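Peer 1: Taken from TrEMBL, the feature signal peptide covers 1-18. The annotation region 'Disordered' is assigned in TrEMBL to 23-45, 403-516. Annotated compositional bias 'Low complexity' per TrEMBL: 32-45, 412-464, 472-502, in sequence order. The domain 'L,D-TPase catalytic' annotation in TrEMBL covers 268-401. What TrEMBL lists as active site, proton donor/acceptor is H361. The active site, nucleophile annotation in TrEMBL covers C377. The compositional bias 'Basic and acidic residues' annotation in TrEMBL covers 503-516.
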Amino acid sequence: MKMQRRSLAVLLALAVSACGDGNDAGAAKQTAEPAQQPDPNAAQNAAQVAWDRRVARMSAEELQRARMDESWMEVVQLDPIPGGRNERPNPEKWEQIAMQTVNSLPQHVPLYGDVGGPSVLRTQILLDRALFSPGIMDGNWGKNTAEALYWFQKREGIPATARLDSLTFERLKTAGGSPTELVVARTLSAEDVAGPFTKIPDDIYEHAKLECSCYETLTEKLSEQFHITPDLLQKLNPGVAVDGLRQGQKLNVPAVRNDDAQGRGTVAKLVVSGRGTYLHAEDASGKILYHFPSTLGGQYSPSPRGDFRVRTVTQDPAWHYQPDILVGVPDSEADAMIPKGPNVAVGKVWMALSEPHYGIHGTAEPQTIGYASSNGCVRLTNWDVEFLSRHVRPNTPVEFRDISGQKQAEDPANAEAGASSGAAKAAAPASGSRAATGARGGSTRAGAAAADTPARPSTRTGNTTRGGTGARGTSSTGSGGSSSTSGAAGGTRASTSGGTSAERPKQDEHAGHNPH
């Protein structure tokens, strides 16, 4: 069914990373250089990361519940609220957000709870600039914003209440560079509006035929560029057809940190908290330099426990779709190489760890970071992992803490596929080849892909919706590796005998083989 195909394809295909020909310089380079031939070894050199498709997809209602989840507070020590709880309610509403209100209205304090409005967006922008990331900014208070604020307060040595008060706001302004305006009118450059923009096919093997996993729309690109949800980007620009903007036109955007923002010290260690859903970069004294919300492993692919090291850092990765190590996909599916670009599965960066099959990487669904379960690895927003990758060197220690003790559950896809295969074997000759399932989600895939997980609305809004969301299985070949198709990437599928019992075991309970 179409809905089944769309649901799984979105789980497999989406990510956000730099498009190779997404600007004039890149286009010129591509024109000047001969096209690369498919690399026959690309599949071996790619990183693979499994995903838990059953828990990673999030509806709008689930995102709202996750936004207000306070379970992260169980692994921190909140300080008493100075002056007690004698406070006035926040009178602001999300609907009041505009360039003028963010830049001119007084800051409301205290700020916490289920609120939205100019004061919340102002706080989120300052946190972003201070490198205590709230994740994607949406103008609503919630878990990621409160947690970023808590750790900023801890770093500053002021009462850590996870609530914005006057003292914290003044410290934030200083840490954020004391900007005169927090929403600015940006004159769009040629690079800002450059494509190409390409519809991502529902079928993973059709996706593999593309030259680039490009942004689908300009709205999607600009939302990622300015760390903001499509809804909020449109709210700051009422009546503007964002997808139709051209070079030289203006767009109101948050004054986020620069892509080349200077570091605040030397990173000596990374700390990843499972229950706290964050990644910290610390200096040698243990001081927090940077805070990023993160998403870690779920039931079928839990995150590791212990101490590891960063082994390699790969920019602009492609994705090796390898079913035999992907949670949620029968082993009998064919491999494919998915080209790099904004909608490939690992995001903009793959940071391989010394523990085989684990890494830190980006995502195509920034709305889910800090909320959804992941695939055993550590997912950050693409802008956060890009910044981190510029300030972390190979051999940097990585400590995992607050990781639940669960072991990997049996991959349900193979159990379901086995049941389907058994039924098919009874109804068809044993020597028959498995029907091609390029449309993904037909009868040979229904049990494994979508029988008990109907498609849900995408967390993307505006013009970027594709009908489903989720953490992706991921792997990477760097910008010097295959960025196109190879082997099964062109859509060729290996035929397997119906009902065979010779399924290969998963390589590991997690994914993630890094580039060698």
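Just so you know, glycine gets a Cβ as well, placed from its N, Cα and C.
How buried are the listed features, and what sits near them?
Peer 2: A mean pLDDT of 86 is what the model gives for the domain 'L,D-TPase catalytic' (268-401).
For H361 (active site, proton donor/acceptor), the count of additional Cβ atoms within 10 Å of its Cβ stands at 32 [all protein chains shown].
There are 31 other Cβ atoms within 10 Å of the Cβ belonging to C377 (active site, nucleophile).
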Peer 1: With DSSP assignments reduced to helix, strand and coil, which class does C377 (active site, nucleophile) get?
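Peer 2: The three-state answer is coil.
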